[in-house]
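In what follows, a single structure is set out as structure tokens and then discussed.
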Amino acid sequence: MGELFRSEEMTLAQLFLQSEAAYCCVSELGELGKVQFRDLNPDVNVFQRKFVNEVRRCEEMDRKLRFVEKEIRKANIPIMDTGENPEVPFPRDMIDLEANFEKIENELKEINTNQEALKRNFLELTELKFILRKTQQFFDEMADPDLLGESSSLLEPSEMGRGTPLRLGFVAGVINRERIPTFERMLWRVCRGNVFLRQAEIENPLEDPVTGDYVHKSVFIIFFQGDQLKNRVKKICEGFRASLYPCPETPQERKEMASGVNTRIDDLQMVLNQMEDHRQRVLQAAAKNIRVWFIKVRKMKAIYHTLNLCNIDVTQKCLIAEVWCPVTDLDSIQFALRRGTEHSGSTVPSILNRMQTNQTPPTYNKTNKFTYGFQNIVDAYGIGTYREINPAPYTIITFPFLFAVMFGDFGHGILMTLFAVWMVLRESRILSQKNENEMFSTVFSGRYIILLMGVFSMYTGLIYNDCFSKSLNIFGSSWSVRPMFTYNWTEETLRGNPVLQLNPALPGVFGGPYPFGIDPIWNIATNKLTFLNSFKMKMSVILGIIHMLFGVSLSLFNHIYFKKPLNIYFGFIPEIIFMTSLFGYLVILIFYKWTAYDAHTSENAPSLLIHFINMFLFSYPESGYSMLYSGQKGIQCFLVVVALLCVPWMLLFKPLVLRRQYLRRKHLGTLNFGGIRVGNGPTEEDAEIIQHDQLSTHSEDADEPTEDEVFDFGATMVHQAIHTIEYCLGCISNTASYLRLWALSLAHAQLSEVLWTMVIHIGLSVKSLAGGLVLFFFFTAFATLTVAILLIMEGLSAFLHALRLHWVEFQNKFYSGTGFKFLPFSFEHIREGKFGE
């Protein structure tokens with residue numbers, strides 16, 4: 001087994017970095033992305049570590065850059081992305097970066113403050129302009145004598161009788177348009193109908209100086225009499241956030257004020273345009289460099305975070321770090337350290353020292369853009385234990401194949417393949433666009449999985465001879481109706497029977513198996529489902545048992561690699577015998593029945609289901625029960641007995657052997673380590689030798705207790721009993737679980753057929769001149785439903801079922817998945833623009 005089928009061999013290494021070279025060395029390691037730093041200060045608060053001030057400075061620069069980026073995006077200026085990977089700035093360059101970012105931030109804040117003040121002034125002048133314009137119209141309408149009847153309620157009866165001249169007060173302002181109805185009701189109720197409100201909409205929306213949004217507003221003027229009503233009206237206007245403006249009473253004064261307002265608006269507009277041009281120039285200059293600035297700052301921040309994980313020796317001249325790294329990359333790591341030392345100008349080289357440890361290393365599986373998606377499928381179940389068999393290489397084939405068994409349709413497979421090919425061909429452009437849509441990003445990351453699923457679906461679709469629920473007659477059917485008339489069919493037979501069955505036993509009726517896949521004649525046969533159900537059910541059982549046997553076989557390589565002979569003798573061997581004795585025999589029976597019975601003898605073929613049930617019951621009736629082959633009873637009884645013997649073999653032998661080994665070690669008076677004889681009471685020096693020897697030869701079989709460990713026979717028996725029961729029952733339930741291959745395939749085929757019959761078939765049946773137009777609409781509905789239901793919904797369903805078959809039925813035979821992932825210190829996410837990670 002090469003490295004492709006296992007995780008990379010990892011080692012724990014210790015780094016000794018000179019203080020002046022540590023920054024550059026960590027920078028080079030980040031560019032390499034092959035080491036995972038361990039935190040050597042787990043008990044130290046993050047705010048008490050050595051480089052916390054540098055981290056804060058980087059965070060402050062990052063905050064300023066986020067502010068600039070927000071302003072750039074608000075101005076709809078594209079951020080330039082040349083794909084450049086800038087080098088990490090030296091620590092001394094941080095001051096220049098801080099000064100530059102401070103200057104840009106202050107300049108933008110000053111521009112924004114001035115612009116907001118000018119826009120607020122511009123808004124007030126614009127509102128005043130509309131007030132002067134609209135109020136003039138209101139006063140012109142007030143001169144109309146018909147208005148007197150509407151406003152007469154404002155006059156007291158005594159005043160009307162005296163004939164004194166009427167003098168009404170008024171206020172004018174602007175309010176948001178959606179508040180007008182509520183505003184009007186409030187005025188009416190509070191003032192008890194003693195005010196007169198006129199309002200008119202402002203045609204163009206006005207820009208809010210704070211948010212930048214455009215708001216629809218209306219001009220209003222309120223007439224009232226008396227100071228008490230005036231105070232009430234002003235309080236209501238204040239509550240509704242209406243802007244009140246002074247409005248002259250005479251037309252001449254209003255005209256003069258309007259002229260002055262228009263002049264000020266023109267001047268203000270000119271100043272705003274100049275300020276906006278200046279702001280655009282500043283933001284465009286920043287947009288050219290902001291991506292590079294982000295990468296530089298966040299690389300520096302990542303380096304200082306990593307340096308905070310290191311220890312500092314007592315001389316304050318050296319930083320000590322511990323890292324996990326792949327053994328195969330040690331040379332490149334050494335080269336990166338030398339390069340970092342040279343860049344820093346240090347004369348003292350950095351040292352990398354491999355360490356011996358009994359800690360479990362992280363799991364690191366190398367992937368590329370093709371295998372990445374399949375490895376994620378495996379890791380979603382659980383990160384593999386260090387150096388155990390990696391299921392991902394086998395999943396590359398088995399996953400899309402089992403998906404295709406459930407999804408098998410040549411037409412749907414073509415559509416899925418074309419979609420995947422489109423994503424593969426345009427992957428560079430799509431990656432450069434950095435699409436933030438989570439759903440599309442998930443689909444795009446699995447583009448090679450979708451590609452293989454589509455290709456395998458085309459293959460299984462040809463096997464099923466199913467293309468949009470119709471068969472492809474490529475080689476011509478092997479069945480012929482003509483010979484039936486030679487024997488016993490007549491015209492009366494055709495007229496008297498709506499359905500007739502062909503007899504393949506008659507010469508010439510059946511010409512042999514179809515060259516590839518299923519004969520197209522079955523598509524129009526009334527007993528199509530009977531035939532296909534039998535075929536797909538048996539196929540599901542065969543594929544499932546082969547898949548599970550393959551999983552059990554892979555466990556052997558794990559036991560051999562980890563040197564666990566007990567697991568081979570009392571685990572793998574009885575497991576493989578148990579499964580092959582029962583379910584492997586079932587597969588043999590299926591193939592035997594297919595080959596032993598032909599068209600002439602098929603009516604005498606016994607039921608495999610009945611035979612398999614009777615095999616467990618040891619029931620073999622003498623009458624009305626035909627055997628498949630001679631000696632069947634003896635062989636089946638032998639296989640069942642062997643399978644039953646495998647149960648105590650798995651259950652008892654391993655705990656008993658472990659107990660015997662423990663007792664033998666316990667009763668030994670002395671142990672010999674490398675020629676040094678140690679008695680029952682070892683000295684301190686000898687004890688250290690023992691401890692070091694036990695550490696270096698750490699037990700590769702976790703089930704075998706060492707001398708110092710207490711062996712709990714009861715716990716071991718319970719654990720082994722659970723494993724045995726789980727495996728034996730799992731063989732039955734997992735085999736039944738693979739029948740989902742048959743069920744999903746049947747459901748997909750039937751949905752496809754219903755869609756064809758209920759939609760496209762109706763469109764094709766229209767024979768009038770409008771048939772083409774009708775077919776266009778029916779085909780549109782057919783295409784939409786095909787993509788939505790059969791490709792997306794059914795595809796997702798088949799995907800989830802294939803996922804379950806791999807996680808539960810396949811991987812639980814050999815894959816423990818109890819490891820933890822190798823997370824190297826890398827600048828890759830920063831380079832790709834995934835700053836949050």
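All positions are counted from 1 along the displayed chain.
Glycine residues also receive a Cβ, built from the backbone N, Cα and C atoms like all the rest.
A quick note: this is a predicted structure, and the numbers were derived from the prediction, not measured.
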Field: Gln433 vs Gln720, membrane side identical per Swiss-Prot
entry: yes
- request: Using C-alpha atoms only, work out the spacing between Thr250 (phosphothreonine) and Tyr364 (phosphotyrosine) and round it to an integer in Å.
  value: 86
Message: Take the C-beta pairs under 8 A between the transmembrane segment (442-471) and each of 535-554, 573-593, 639-658, 771-809. Which stretch has the highest count?
response: 771-809
Message: Going by a 10 angstroms cut-off between Cβ atoms, which of the modified residues Thr250, Thr360 has the sparsest surroundings?
response: Thr250
Task: For the transmembrane segment (535-554), could you work out the same-chain residues 6 or more beyond its ends whose Cβ comes under 8 Å from its Cβ atoms?
output: 389, 391, 394, 398, 402, 405, 518, 572, 575-576, 579-580, 583-584, 586-587, 590, 731, 734-735, 737-742, 745-746, 805, 809-814
- prompt: Around Tyr364 (phosphotyrosine), how many other CB atoms lie within 10 A of its CB?
  reply: 23
Query: What mean pLDDT score does the topological domain 'Cytoplasmic' (659-724) have in the model?
result: 60
Field: Long-range environment of the topological domain 'Vacuolar' (750-770) - Cβ separation under 8 angstroms, sequence gap at least 6
entry: 409, 412, 466, 468-470, 777-779, 781-782, 785-786, 789-790, 794
- line: Same-chain residues at least 6 beyond the ends of the topological domain 'Vacuolar' (594-638) with a Cβ under 8 Å from one of its Cβ atoms are 503-505, 510, 585-586
